Amino acid sequence: YIDEETMHLHHDKHHQTYVNNVNAALEKHPEIGEDLESLLADVESIPADIRQAVINNGGGHLNHALFWELMTPEQTAPSAELAAAIDATFGSFEDFKAAFTAAATTRFGSGWAWSVVNKEGKLEVTSTANQDTPLSEGKTPILGL
């Protein structure tokens, strides 16, 4: 359970700050012209003078945007395809939840727990520090907390 005050803090303060800061960094290099996901998937392509700001704030924006997109007041089940992949990878949905919980609760300091599709097209559970995004590791996030 996450309380309403925490949700407002993350949406109205944290997420908005990430958006403002990444936009300010990108304004310094309008020639980049790529979308944020593409930039974070290839961080070496980001000009050095704004690279860390884009990684930190762009990651914060994308991480939170996915989080908001996936939020629902209703409990939902994975699609049949995702459920089959979870069973094939983790053995059961309960084992997946245990792995995801471990990724979230063992992260030292701030960060995110993720369910991702890796470069081989397989599911995995991982975590990233601070506002780092799995996109920078060549992984596609499908669930983040």
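Residue positions begin at 1 at the first shown residue.
Including glycine, each Cβ sits where the backbone N, Cα and C put it.
For His10 (Mn(2+) binding site), the number of other Cβ atoms no farther than 10 Å from its own Cβ, over all displayed protein chains, is 15. What Swiss-Prot records for His10, His64 is Mn(2+) binding site, and it gives similarity to another entry as the kind of evidence.
With a cut-off of 8 Å between CB atoms and residues at least 6 apart in sequence, the same chain places His10, His11, His14, His15, Tyr18 near His64 (Mn(2+) binding site), listed in sequence order. Sequence annotations record features per position, and here Swiss-Prot assigns Fe(3+) binding site to His10, His64.
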